[in-house]
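Accompanying notes for the structure given below.
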Amino acid sequence: MKLLRAALGLALLPLLGPASAVEPISLGLAIAGAAASALTGIISYPRLYCYFRECCLQRQDVRAAAGLQESLERRLFGQHLVSKVVVKAVRGFLNNTNAKKPLALSLHGWTGTGKNFVSKIVAESIYKRGLHSKYVHQFVATLHFPHANSINLYKDQLQSWIRGNVSICPRSLFIFDEMDKMHAGLIDSIKPFLDYYELLDGVSYRQAIFIFLSNAGAEKITEVALDFWRKGRSREDIQLTDIQNALSVSVFNNKNSGFWHSTLIDRNLIDYFVPFLPLEYRHVKMCVRVEVEARGHAADEELLSRVAEEMTYFPREERIYSDKGCKTVDSKLDYYFDF
């Protein structure tokens, strides 16, 4: 341990003090090399460099998959299908050393059910800086692609952006939000990057991950969930096979889905359509509890119930599902706490 500390101290010298007589990077390489020899290969310069600076493929795939599963189990409520499908899909992909295509996940459900939250957790499991990583790239349809008359320009820019970033880091993560507001045909411009090509202009895209977020198909998901509820069956009995095919067809035929008659669906390039079930009263209370505790307060049961009851629910008669999920929990708590 003392030897390791000494080596780390030596490696930090270029960062902590002046080194005008020697070019800093060369000095760092030399010191790191000496440390590596002293520790019989236990530590090396690239590992030290990645300790202080983010590196592509920095986290081991086994660690990333384990972190993803733990985070989803602890932080995501009411989405048993999501936890199961996303963990299996991402873990299998990360551990596959010979993937034939990039991983493409399409997340569907009402606002506030956890789509953005899950994409954030996926990013955090792969890169320490999560959504702030330089290898994670987010696109919001209404922000980045607002004008219908600029589709051809957007297509060229999107292709160039993806090509450039995957060239730098094969394990790049691309997140497309508000797919239901994306102009029809635009997303098809990335079809070559999602297909089964070994190389495209000398670049392999097989380690990249694409996540699409959309409200499209939420009606179909709710229809299935309501059918289970009315038959007295638990929502936890719902399986992916009960929804996935109907969901993909619904999205494909929806002119406002961003995937309307998309070749990505037609060519089966989306690996999983992941349904986010509408959240019930009990799930909203869970969200309230987490937010209250995150603000440093004890979770008072009366407060949890009061905030959850202030949410609006649908259908009108049964009032089972929160129409905004957990999206407005944070703002509602501002009313009760003077921070």
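Each position is counted from 1, following the chain as shown.
Cβ atoms here come from the backbone N, Cα and C positions, even for glycine.
Database features, via TrEMBL:
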SIGNAL    1-21  signal peptide
BINDING   Gly109, Trp110, Thr111, Gly112, Thr113, Gly114, Lys115, Asn116  ATP binding site
DOMAIN    279-336  domain 'Torsin-1A C-terminal'
Densest Cβ neighbourhood among Thr111, Thr113, Asn116 (binding-site residues), 10 Å radius: Thr113
Non-site residues, in chain order, whose CB comes within 8 A of the mean position of the CB atoms of Gly109, Trp110, Thr111, Gly112, Thr113, Gly114, Lys115, Asn116 at ATP: Phe117, Asn215, Phe276, Gly325, Lys327
Helix, strand and coil residues within the domain 'Torsin-1A C-terminal' (279-336) as assigned by DSSP: 32 helix, 5 strand, 21 coil
Of Trp110, Gly114 (the binding-site residues), the residue whose Cβ has the fewest other Cβ atoms within 10 Å: Trp110
Residues satisfying Cβ distance under 8 Å from Gly112 (ATP binding site), sequence separation of at least 6: Leu279, Ser322, Lys324, Gly325, Cys326, Lys327, Thr328
Protein Cβ atoms within 10 Å of Lys115 (ATP binding site), excluding its own: 26
